[in-house]
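As written in Swiss-Prot, here are the features:
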- C140: active site, nucleophile (ACT_SITE)
- T11, I12, G110, R168, Q301: NAD(+) binding site (BINDING)
- S139, C140, N141, H194, G195: D-glyceraldehyde 3-phosphate binding site (BINDING)
Amino acid sequence: MISVAINGYGTIGKRVADAVAAQDDMKVAGVSKTKPDFEARVAIEKGYDLYVSIPEREKLFGEAGIPVSGTVEDMLEEADIVVDATPEGIGAKNLEMYREKGIKAIFQGGEKHDAIGLSFNSFANYDESLGADYTRVVSCNTTGLCRTLKPIDDLCGIKKVRAVMVRRGADPVQVKKGPINAIVPNPPTVPSHHGPDLKTVMKGVNIHTVALLVPTTLMHQHNIMVELEDPVEADEIKARLDETTRVMLVRASEGLASTAEIMEYAKELGRSRNDLFEIPVWEESINVVDGELFYMQAVHQESDAVPESVDAIRALLELEEDNMKSIMKTNRAMGIL
C-alpha cells in the first residue's frame, strides 16, 4: 500500500485526504497546516498525522494543544507521493522542494499548466501522466467541462464549443471574498482561462469561454453551446451523459431547478460535507438545433475534482494503466454515481 502526503489541509486537501483514506491501495502519510486552527484539530481527531508547513510556527501548535509529527519535509520522508493542495501559486513554489526530495507530486488547478508541465483529467488524458513525476489536476470548472464534453466528443465529434461560465463569488467558508451585490465579468476580457485550460487535457478542442462572478457560494453554473461534427438527436446526448459516470442528469421538473436545490439533494445523499462529486446536467436544457447542442450544468467547486486527484496518484505511480479501472475503483470507494 502506497503512502500519500497531503500538503495543505484546506477546502481541497481535507477532501483529498478522506478520499485517499477510503481507498484500499493507498493511505494517508500525513497532512500539513500553516496554523493551529479547527481544521488542524479535526485532522488529529480523524487520526491523520499532522505536520507544520512553516517550521517557525511549530510552537503555536504546542501552545494550542495540537500535537504535530514534524515539518512538511519530515512528512515527505514518510510518503511515496505528495498531493499539493496549497493555495494558488504556492504549489509551483513547492515544486523545487519536491524535486530535491525526489518525490512525485500532484498539483491543483490553481497552478499554471506551464509551471508544472503536464495537466490531468481521468477521462481525457490519463495515459499522458502514466509514470510522470509531476502533473496538475485541472480546475473544478475545467473538470466539469471535460466530464461532459469528452463523452459528447466521443459520440459525435465536436467542431466548436462556446461556454458561459457563471462562477460562484466565494466558497461558503470565505468571508472576505465576494461580490455581495454585483455581477462581475471575471475576466472582462474574452476568452477566459477556462478554454485554454481545457485544451491542456482535450488536445485540439476548439473552445472559447467567457466568465463572470455572481453573489452565491454554492456552485458554479455553465451554459454550453456545441457545434457537432455528426448529426445526433437530443435523446442520444441524454443517453450518453446518463451512462457516463461522474455525470448525472437532473430534472427541474423534480424540484432540482436551481443550484440550491441540487445542493439540498447532495445533502440527502448523506456524504461527508454534502459533497457532490458528479457534474449535474439539467436534462430539460439538452437540445439540438440545426446541428448545435445546448445544455446547462452545475459544478460543486469544493469537491468535483477530488476523485481525479486519486486517479492521478494511480497514474503517476503506475498502480493502474487502465483509466476506467482506476475511475471505477475510486468511485466504489467514494460512493460516486
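Cβ coordinates come from backbone N, Cα and C, glycine included.
It should be emphasised that the depicted structure is a prediction, and the values quoted were computed from it without experimental measurement.
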Listed in sequence order, residues not in T11, I12, G110, R168, Q301 with Cβ within 8 Å of the centre of the NAD(+) site Cβ atoms: C140, D171, E302
Residues satisfying Cβ distance under 8 Å from G110 (NAD(+) binding site), sequence separation of at least 6: P87, E88, G89, G91, S139
Distance [Cα-Cα, Å, rounded] between N141 (D-glyceraldehyde 3-phosphate binding site) and Q301 (NAD(+) binding site): 7
Spatially closest candidate among C140, H194, G195, the listed recorded positions, to Q301 (NAD(+) binding site) (Cα to Cα): C140
Residues near G195 (D-glyceraldehyde 3-phosphate binding site) in space but at least six apart in sequence (CB under 8 A): V161, A163, I207, H208, T209
Separation of alpha carbons, C140 (active site, nucleophile) and I12 (NAD(+) binding site) (Å): 10
R168 (NAD(+) binding site) in three-state DSSP notation: strand
Residues T11, I12, G110, R168, Q301 binding NAD(+) per the record - widest CA separation, whole Å: 16
C-alpha spacing of T11 (NAD(+) binding site) relative to H194 (D-glyceraldehyde 3-phosphate binding site), in angstrom: 21
